[in-house]
Amino acid sequence: MTKKRYTLLKKDGKARRGEFVTPHGTIQTPIFMNVGTLAAIKGAVSSMDLKEIGCQVELSNTYHLHLRPGDKIVKQMGGLHNFMNWDRPILTDSGGFQVFSLAGMRKIKEEGVYFNSHIDGRKIFMGPEESMQIQSNLGSTIAMAFDECIPNPSTREYVEKSVARTTRWLERCKKEMDRLNSLDDTVNKEQMLFGINQGGVYEDIRIEHAKTIREMDLDGYAIGGLAVGETHEEMYRVIDAVVPHLPEDKPIYLMGVGLPSNILEAVERGVDFFDCVLPARNGRHGHVFTKEGKINLMNAKFELDARPIDEGCQCPACKNYTRAYIRHLFKAKEMLAMRLCVLHNLYFYNKLMEDIRDAIDGGYFAEFKAKKLEEWNGRA
């Protein structure tokens with residue numbers, strides 16, 4: 001039996017307010033994880049900044065860190081927490097999504113995936129055991145199982161075959177994680193493993209897979225293979241189908257889905273964990289989130305705008321600078337422009353999750369969601 005780590009504190013409809021205890025601190029859920037692909041948020045945002053803007057969990061990428069600086073180097077430096085000076089939880093993805101996004105550069109076999117590095121073209125092999133070994137070297141708080149992220153659309157026949165293989169890979173991940181956690185030189189002997197539900201947009205395949213993996217007694221469960229081309233309606237349909245078949249005493253993680261409106265819809269359906277590169281990527285291009293939805297600071301109408309990005313926001317950008325100044329920085333190609341907008345967007349997301357938790361605690365989540373969607377009016 002896995003150690004009990006998740007406590008459901010309150011439900012408001014299907015929306016869940018919980019706590020997830022980890023070796024690196026307790027996570028208050030629902031939670032948005034801030035994505036630092038190479039152990040840093042793109043846009044010159046440091047681990048100290050992340051604490052200032054209310055980040056609970058940082059997410060790093062196994063595939064990219066394996067290529068550079070190399071997971072063995074990170075292990076020699078004491079693991080990711082020590083390497084990037086971050087003492088709160090870290091989740092590492094399995095590398096699966098990146099490997100499968102290489103399309104023409106990879107071959108899938110039962111033992112794993114053969115692919116070419118996107119950096120120098122060298123041949124690399126990654127399977128369940130290799131993914132677990134890399135993540136163990138990184139020493140993250142939560143490791144993700146190695147799975148195939150199925151492209152959309154895919155035939156039913158292919159999806160069934162892929163999901164069966166992903167299940168076999170999950171069994172191998174669990175066995176290897178148990179072995180690694182027992183070794184004397186392991187960075188984090190309490191590293192946790194989340195399994196990933198797959199099945200494309202086929203609800204019956206998704207449900208059967210959820211029923212199968214919930215029996216494996218993992219630390220948490222993710223819904224993967226979404227935000228890859230399906231409509232929002234299809235995505236919500238899959239969440240509605242899967243969530244009732246996952247354990248209520250474990251966190252549920254919707255991978256890679258990150259529009260604020262998507263988050264509200266998924267929380268309403270019982271999801272606890274979220275991540276997405278979207279707020280940082282948008283920020284680097286001057287697209288920032290506000291109470292009224294997303295705006296583009298590059299627009300000429302902000303040239304003389306003396307307001308902060310978002311009135312009342314307590315992020316470092318809004319407390320100190322105007323829209324006009326930040327727009328000027330972008331036009332002048334100053335790096336500070338990206339930094340300020342990334343900080344703002346991540347603060348916006350972290351504050352949104354805090355407000356969501358308060359709404360569930362207070363029993364007014366439905367009203368909160370309706371008000372937010374009305375304010376954003378399709379712009380977030």
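Counting starts with 1 at the first residue shown.
Glycine is no exception: its Cβ is also placed from the backbone N, Cα and C atoms.
As given in Swiss-Prot:
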- ASP93: active site, proton acceptor (ACT_SITE)
- ASP93, SER94, GLY95, GLY96, PHE97, ASP147, GLN198, GLY225: substrate binding site (BINDING)
- 256-262: region 'RNA binding' (REGION)
- ASP275: active site, nucleophile (ACT_SITE)
- 280-284: region 'RNA binding' (REGION)
- CYS313, CYS315, CYS318, HIS344: Zn(2+) binding site (BINDING)
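Annotated features, which come from Swiss-Prot, shown on the structure.
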residue : record                       : DSSP class
ASP93   : active site, proton acceptor : strand
GLN198  : substrate binding site       : coil
GLY225  : substrate binding site       : coil
ASP275  : active site, nucleophile     : strand
CYS313  : Zn(2+) binding site          : coil
CYS318  : Zn(2+) binding site          : helix
HIS344  : Zn(2+) binding site          : helix
Pairwise C-alpha maximum, in angstrom, for the residues (ASP93, SER94, GLY95, GLY96, PHE97, ASP147, GLN198, GLY225) that bind substrate according to the record:
16
Could you give the number of helix, strand and coil residues in the region 'RNA binding' (256-262) as assigned by DSSP?
3 helix, 0 strand, 4 coil
Looking only at the region 'RNA binding' (256-262), report the model's average pLDDT.
95
Between PHE97 (substrate binding site) and CYS315 (Zn(2+) binding site), the C-alpha gap once rounded to whole angstrom:
32
By a 10 A CB contact count over all chains shown, which of the binding-site residues listed here is most packed: GLY95, GLY225?
GLY225
Which recorded positions sit within 10 Å of HIS344 (Zn(2+) binding site) - Cα, from ASP93, SER94, GLY96, GLN198, GLY225, ASP275:
none
Residues in the region 'RNA binding' (280-284) grouped by DSSP into helix, strand and remaining coil:
5 helix, 0 strand, 0 coil
Taking the Cβ of SER94 (substrate binding site) as the centre, how many other Cβ atoms fall within a 10 Å radius?
30
Please name which of the binding-site residues listed here, CYS313, CYS315, CYS318, is nearest in space to GLY95 (substrate binding site), Cα against Cα.
CYS315
I'm trying to understand the geometry here, so how far is the Cα atom of ASP93 (active site, proton acceptor) from the Cα atom of CYS315 (Zn(2+) binding site), in Å to the nearest whole number?
28
Using a 10 Å cut-off, grab the number of neighbouring Cβ atoms around the Cβ of HIS344 (Zn(2+) binding site), all chains included.
26
Which secondary structure state does DSSP assign to ASP147 (substrate binding site), in the simple three-class scheme?
coil
Looking at Cβ-Cβ distances, which residues of the chain lie under 8 angstroms from CYS313 (Zn(2+) binding site) while being 6 or more apart from it?
THR290, LYS319, HIS344, TYR347, PHE348, LYS351
Can you list, in sequence order, the residues of the same chain other than ASP93, SER94, GLY95, GLY96, PHE97, ASP147, GLN198, GLY225 whose CB lies within 8 Å of the CB centroid of the substrate site?
VAL99, PHE100, MET144, ALA145, PHE146, GLU148, CYS149, ILE196, GLY224, MET255
Write out, in the order they occur in the sequence, the residues of the chain not among CYS313, CYS315, CYS318, HIS344 that have a C-beta within 8 Å of the mean position of the C-beta atoms of the recorded Zn(2+) site.
PRO308, ILE309, ASP310, GLN314, PRO316, ALA317, LYS319, LEU343, TYR347, PHE348
